[in-house]
Amino acid sequence: YTWQVWAIYMVLAANLSEEQALKQACPSCGATEVCNCSSMGLDFIPPGLTGKITVLNLAHNRIKHIQSQDLQQAVNLRALLLQSNKISSIDEDSFCSLGKLELLDLSNNSLAYLYPAWFGHLFALQHLHLQGNFYRDLGESSPFSSLRNLSSLHLGNPWFSTIRQGNFEGIALLDKLWIDGGNLSQYEPGSLKLIKKINHVIINLRNTNVFSAIVMDLLYSVIWLEVRDIRLEMEKKILVQNSTLPFRIQKLTFKDASFTDQYMSRILVSLKDITSLVELEAIDCVLDGKGEWDIKEIANSGQSFVETVSIINIVIQNFHLFFDLEGMESQISQLKRLTVTSSRVFMVACKLAKHFSSLLYLDFSDNLLVNNRLKETICEGAWPSLQTLNLSENSLKSLKNTANSVTRLPKLINLDISQNNFGEIPDVCEWPENLKYLNLSSTQIPKVTTCIPTTLEVLDVSANNLKEFGLQLPFLKELYLMKNQLKTLPGAVPIPNLVAMSIRRNKLNSLSKEEFEGAQVGAVHLSLMECHGSLVVSLICALVFLVILVLVAVGYKYHAVWYVRMTWAWLQAKRKPKRAPPKDICYDAFVSYSENDSDWVENIMVRELEQACPPFRLCLHKRDFVPGKWIVDNIIDSIEKSHKTLFVLSEHFVQSEWCKYELEFSHFRLFDENNDAAILVLLEPIQSKAIPKRFCKLRKIMNTKTYLEWPRGEEQQEMFWENLKGALKS
């Protein structure tokens with residue numbers, strides 16, 4: 001029995017010491033379920049981890065090795081963050097107790113190999129990050145065969161060179177797969193075919209042959225393929241071979257990629273074979289050529305199935321020599337959405353523009369279009385189906401000419417020409433007859449005129465210099481007037497169907513009834529300050545005044561000012577030495593008493609003590625305080641220059657406000673120093689509970705320390721004086 005008790009004691013002691021060690025290594029690992037130990041310079045996993053922890057963050061430390069017992073007790077862990085350490089080795093069963101783990105981040109460490117045993121018991125794992133280590137391959141088999149619930153996987157590094165068949169065995173579905181394969185040089189065909197469906201694949205590649213092999217494997221499983229950092233040069237291989245399997249890929253993105261003219265011809269031909277592909281995207285790419293593509297081969301290869309093309313920030317080294325892409329007409333007839341932004345586009349040839357017969361959406365924002373070139377770009381018969389056009393952030397200068405150009409777009413509904421520097425607005429303009437949305441924000445127009453079409457349902461003229469708005473727009477539903485100089489609201493009668501209006505950051509100072517005549521406000525999204533600025537300011541001022549008044553009243557009642565000033569004086573006094581040097585002691589005692597007891601103090605006690613042999617020097621506030629000096633400073637100086645402080649306690653003393661203040665400071669100064677400088681004289685019997693509760697140390701002294709009590713009999717009075725004199729001399 002004794003042995004069992006001893007064993008239990010040792011276990012409890014060990015657990016207690018481990019918990020203390022954990023808190024010492026990582027103070028945040030307390031009562032919460034989240035344990036954040038990141039960036040603490042740890043070179044080991046702290047001991048004492050328990051089942052109550054669900055998130056453990058050990059990122060950005062110096063951990064080199066994970067041992068079997070380190071995480072053994074953390075059975076309820078959901079997220080384990082170990083990125084940016086120096087981990088080079090992990091015991092095979094280090095994660096075996098983490099059956100509930102959903103996120104494991106081992107990125108940016110020093111792992112030279114990946115062992116399947118590490119992940120063998122992580123049945124709930126959904127997100128695994130392994131990028132930025134030193135491994136060159138994934139081994140001979142699959143490290144992920146047990147991860148049936150895996151959703152996202154990020155792997156690869158600058159030394160990662162080989163992917164083998166079977167490396168992804170056990171993974172059937174993935175939401176996201178990210179492979180850093182900048183130096184990937186060996187890819188065994190079929191390796192990625194084992195994954196039946198992937199929503200999004202991001203792969204960094206430089207090797208064109210590996211790119212072709214991976215694309216052929218992913219055509220049937222991935223929905224969105226994003227390829228980064230690749231230089232696509234001459235390529236003779238075909239991407240698609242004869243297959244009865246249905247294609248799954250719908251979107252292909254190139255980011256930070258480089259193309260040659262020769263490869264552009266081949267890729268455009270090859271992509272036509274992928275009948276499921278409907279969207280192409282190129283972001284931050286470089287075209288090393290001038291558009292000298294094999295137009296004949298492209299045309300003979302058949303029709304493209306792509307419906308959406310986005311080109312964002314493409315760099316063409318010799319863009320001024322770029323061909324007009326004549327001969328590409330047959331490849332663009334089915335295109336429905338085209339975005340070419342931040343790419344220095346200054347014109348589209350009229351002949352080419354006429355063949356965008358199915359295009360519904362066109363975004364040419366942040367380019368170099370000017371009015372003369374816009375006339376060529378939107379020539380008669382060009383963009384016949386276009387409904388939405390974005391020409392914002394270009395170099396258009398004339399609103400009248402811009403309007404005339406877009407009149408050639410008979411089906412245009414939405415037009416964004418914001419952030420062009422028009423500067424002025426004519427009185428009359430021609431617009432497409434179906435135009436419903438017009439964005440003229442940030443165009444430097446000083447006013448609005450009848451140039452604005454009456455067919456509009458949405459109008460944005462924000463961030464201009466408008467001082468008034470008086471247009472008649474019978475169909476308008478939404479009006480945006482932010483950041484202007486308006487002093488009054490637009491009238492309600494000219495815009496009877498208005499549903500929403502934004503007028504933030506104007507100079508409105510009043511609202512009149514006429515401005516709302518005939519219109520019912522359904523929903524106004526304005527702050528209280530915007531609607532009732534003066535009222536809100538008045539209410540705030542009144543509330544502040546009321547609060548100050550209440551504070552003053554409470555402070556007066558409870559003498560708050562006195563206590564604040566006294567506390568400040570005490571803090572200042574704390575900076576001084578606790579006791580004055582002997583040469584600075586001027587009095588034997590400072591006497592604290594009630595004015596109602598002054599007769600006894602001044603006529604009996606003072607006479608007895610100051611006429612003794614040798615005489616005692618007493619400090620009395622009536623006699624010895626410096627005139628004109630603040631009372632608290634007088635108290636401080638008197639106490640510090642006195643050897644003792646003598647309290648004459650009575651019912652009058654306790655009830656006296658002045659004595660309370662004096663006792664308050666004495667309480668601070670004397671009892672804070674834990675010395676015996678206080679002498680208590682009871683002029684009459686008094687209960688310790690009569691002492692104010694806030695003077696807890698004084699109450700304690702009355703209960704524990706001997707005090708002198710003034711006797712009524714003359715025989716006992718002689719003994720009283722002897723005892724008092726002895727106390728003063730001590």
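Our numbering is plain: 1 for the first residue shown, then up by one each step along the chain.
The backbone N, Cα and C atoms fix where each Cβ goes, and this holds for glycine too.
The disulfide bond feature in TrEMBL is assigned to CYS29-CYS35 (among others).
Summarising the annotation, TrEMBL assigns disulfide bond to CYS350-CYS379 (among others).
Marked as disulfide bond by TrEMBL: CYS429-CYS451 (among others). Under a cutoff of 8 A between CB atoms, and with a sequence separation of 6+ in the same chain, the neighbours of CYS451 (disulfide bond) are LEU399, LYS400, ALA403, ILE425, PRO426, ASP427, VAL428, CYS429.
According to TrEMBL, the domain 'TIR' annotation covers 585-728.
Among the features that TrEMBL reports, signal peptide is placed at 1-21.
Positions annotated as transmembrane segment by TrEMBL: 535-556.
For CYS350 (disulfide bond), the number of other Cβ atoms no farther than 10 Å from its own Cβ, over all displayed protein chains, is 16. Here CYS35 (disulfide bond) comes close to CYS26, SER28, CYS29, LEU49, ILE53, VAL55, LEU56, ASN57: these same-chain residues lie at least six apart in sequence, with C-beta atoms under 8 angstroms from its C-beta. Summarising the environment of CYS379 (disulfide bond), the number of other Cβ atoms within 10 Å of its Cβ, over all protein chains shown, is 17.
Ranking the disulfide-bonded residues CYS29, CYS429 by how many Cβ atoms sit within 10 Å of each one's Cβ puts CYS29 at the top.
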